[in-house]
Amino acid sequence: MSEFQTKDPYSYFTGLNSYHESEAIPGTLPIGRNSPQVPAFGLYAEKLSGAAFTAPRHLSKQTWLYRILPSTTHRPFEAVSTTDSREAQKFSTVPNQIRWSPFEIDTSADFVGGLKQLAGAGDIQTKNGVAIYIYSCGKSMKETDVFYSSDGDMLIVPQEGDLDVRTELGRLYVRPLEILVIPRGIRYNVALPNGNARGYILEAFSATHFELPELGPIGSAGLANARDFQIPKAEYTDSSETHTLINKFGGNLFRAEQDHSPFDIVGWHGTYYPFKYDLGRYNAIGSISYDHPDPSIFTVLTVPSPIPGTAIADFAIFAPRWLVMEDSFRPPYFHRNCMGEFVGLIKGGYDGKLAGGFNPGGASLHNLMSAHGPDVQTHRKASEEDTSKPQKVGTGSMAFMFEVSYMVGVTEWGLKESPVQQDYVAHSWGGFKKHFKPPQA
């Protein structure tokens, strides 16, 4: 498990994909039915659907909420950004390998104001695609501001600074080396308990959600175990203070006011909820004989596509682990991939980039069929080391990858206003020399 400087102040349920129920006041949840004629304590029953009603049972994502006022009680939404979402999704789609130095933190922004789209692909309206964001902020959201995305599920990867997240279903305290998933439509507020914060977000527009990968011949346990995922417990506020809803809808932001707190859910039960996970609990699997396995072996969560075995997006990590492969090149191999690979660094270094330049808070993008692999220094070291001895890599480090099945485009902000390393390719691979010596006749 990870060691954190800040103690988590909240308690949780555990178990991803389990059916959970929670009530802040005993007796809130109805017995034997979901929508009684008159719910307990004068509450309203409301259903939150994250999947089609007729989805197979193992894919069904539905939660019943018992709240002080229904979600319908708000004023009309008004556009904050007027840019058409299709225009906002115009990207530069280029084959060049790209690396960014650490992104600057906008200390004047809150979580929503500091959300910048770096890259993406597909189409929000048809629920087909992804978006990659960098968030950087220096102040908490107003307690009366509440954000949610109608566009997709957000996987949030903090790199610097803790996040105190209050959702409709309860509170989660999320620190670097933990991740948070907030499904489409769930409302939340982000406070910064210890100052500046920065991190990465992958938003999946699809009708499917972030799930645990199948384990196949690995067996019944390994990688990220379901019992280590934490789910919030019900907590409510009964307030008549004006609150502002901020909705990301079709790539644009809209605002609406309401005269009560959105955090008024006294009890809930179901399978559609936010959750967090400590990356330090990941059970890394690897080769104990020869060759570096494919990076899919490091998958934490996956967003399945209709094609069996092919993900819309995977979230993988490169955690501390032992390398014991004999007579083998141990770092990640040179590669051209039919998937786009976005890699970020939470802390420490990355064993495939010993020459430097890849730093915490930065990132790289290797698009479809764009060649990538270890830099010159890493290749030289790995080619000369004694592979009869085990080697520990990644100590004090944590890198991750968003692997997506789309050709990833980069926004203007990502290409022109962000710290792109112009010499990335030359710095990493420009020093390779020919060593080929054909046999003499």
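Backbone N, Cα and C define each Cβ position, glycine as well.
Listed in sequence order, Met325, Ser328, Phe329, Arg330, Pro331, Pro332, Tyr333 are the same-chain residues six or more apart from His292 (active site, proton acceptor) with CB atoms under 8 A from its CB. Residues or ranges marked as active site, proton acceptor in TrEMBL: His292.
Annotated Fe cation binding site per TrEMBL: His335, Glu341, His372, in sequence order. Long-range Cβ contacts of His372 (Fe cation binding site) within its own chain (separation 6+, distance under 8 Å): Gln97, Phe334, His335, Arg336, Glu341, His366.
Positions annotated as homogentisate binding site by TrEMBL: Tyr350, His372. DSSP gives His372 (Fe cation binding site) a strand state.
Per TrEMBL, the feature compositional bias 'Basic and acidic residues' maps to 377-389. Long-range contacts of the compositional bias 'Basic and acidic residues' (377-389) within the same chain: residues 325-331, 351-355, 432, each at least 6 residues beyond the stretch ends and with a Cβ under 8 Å from a Cβ of the stretch.
The domain 'Homogentisate 1,2-dioxygenase N-terminal' feature in TrEMBL is assigned to 12-279.
Taken from TrEMBL, the feature domain 'Homogentisate 1,2-dioxygenase C-terminal' covers 281-436. Confidence for the domain 'Homogentisate 1,2-dioxygenase C-terminal' (281-436), expressed as mean pLDDT, is 95.
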Spatial neighbours of Tyr350 (homogentisate binding site) that are distant in sequence (at least 6 apart) but have CB under 8 A: Phe318, Val343, Phe358, Ser397, Ala399
Residue with minimal Cβ packing [other Cβ atoms within 10 Å] among the binding-site residues His335, Glu341: His335
